[in-house]
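Participant: Just passing along the structure, written as structure tokens.
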Amino acid sequence: GNFWQTAWLEFYDCVEGDEWTIFLIGAALVPALAFWGFNGILLVADITGKPTFITRYRIQLGKNDPVDTKKLCKAIYTVLVNQFFVSFPMLVPMFYIMKWWDNTFSKELPTFQWFLVELSIFTVIEEILFYYTHRLVHHPVLYKHIHKKHHEWTAPIGVVSIYAHPIEHIVSNTLPVMTGPMIMGSHVVSISAWFSIALVTTSISHCGYHLPFLPSPEFHDFHHLKFNQCYGVLGVLDFLHGTDKVFRQTKAFERHKVLLGLTPLSESIPELPKKDE
């Protein structure tokens with residue numbers, strides 16, 4: 001509405017319409033703040049075990065309790081390297097592609113309805129590209145040299161969502177998210193919102209906590225636990241290709257839903273006791 005349009009024009013005038021500055025803030029700074037703001041809260045819980053409001057929702061009970069600080073420092077270092085030396089340079093060619101569309105830096109914002117259409121298209125494109133590139137890096141030849149790094153965390157935490165080999169970060173993490181806006185010629189505000197949503201949702205998928213009212217992370221957490229299940233984001237292609245058959249037979253699948261109450265699903269839908277217990 002008028003509020004957002006007015007705010008956008010004020011920002012546009014503040015930076016004197018400099019398109020590179022606008023793109024840098026929208027496509028790099030805002031998503032980075034969203035990523036580290038969300039993961040900063042989770043890291044406090046991972047390191048200290050508090051507040052219990054978060055830690056009581058742990059999926060893999062007894063894991064990362066507390067997190068190994070040496071392993072965590074290594075992960076944070078790799079994440080920062082990926083952000084500054086992989087993601088940021090990839091924004092340069094994207095910037096020129098978006099300039100070619102002649103719409104990205106328009107003074108007129110897209111309507112909210114059009115943004116929802118774009119968001120749907122972005123999500124479908126990400127699902128397709130991520131699923132197949134993810135399965136590709138699970139090929140034994142590539143897994144050993146590339147994807148194994150990400151799977152060092154069998155019980156993941158939020159920040160390791162982009163803890164990966166640089167090649168994987170380009171092919172599986174960044175390109176599936178960037179491709180949609182480049183195809184659609186999206187406005188920089190739409191790009192900023194989409195990148196932020198993508199980073200926060202992948203952090204939720206890796207966070208290790210099934211928190212109330214947030215999307216379920218059970219699907220991707222199970223992938224880290226078993227390696228050969230649940231390759232996608234939405235699970236649609238996993239269903240079509242049958243790469244979620246084992247997952248669907250587990251208690252994790254029963255817990256794979258939005259938690260609408262405050263009782264942890266690990267308590268209301270507990271794992272079955274092992275036969276020897």
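Positions of Cβ are set from backbone N, Cα and C atoms, glycine also.
Straight from TrEMBL, here's the annotation block:
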- 20-45: transmembrane segment (TRANSMEM)
- 75-97: transmembrane segment (TRANSMEM)
- 112-132: transmembrane segment (TRANSMEM)
- 121-243: domain 'Fatty acid hydroxylase' (DOMAIN)
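A description of the local structural setting of each listed feature is requested, covering burial, neighbours and distances.
Facilitator: Sequence-distant contacts of the transmembrane segment (20-45) (same chain, six or more residues past either end, CB-CB distance under 8 Å): 11-12, 51, 54-55, 72, 83, 87-88, 91, 94-95, 98, 104-105, 157-159, 188-189, 191-192, 195-196, 198-200, 203, 207, 209.
Same-chain neighbours of the transmembrane segment (75-97): 19-20, 23-24, 27-28, 32, 149, 153, 157, 159-160, 162-164, 166, 169-170, 173-174, 178, 181-182, counting only residues six or more beyond its ends whose CB sits under 8 Å from a CB of the stretch.
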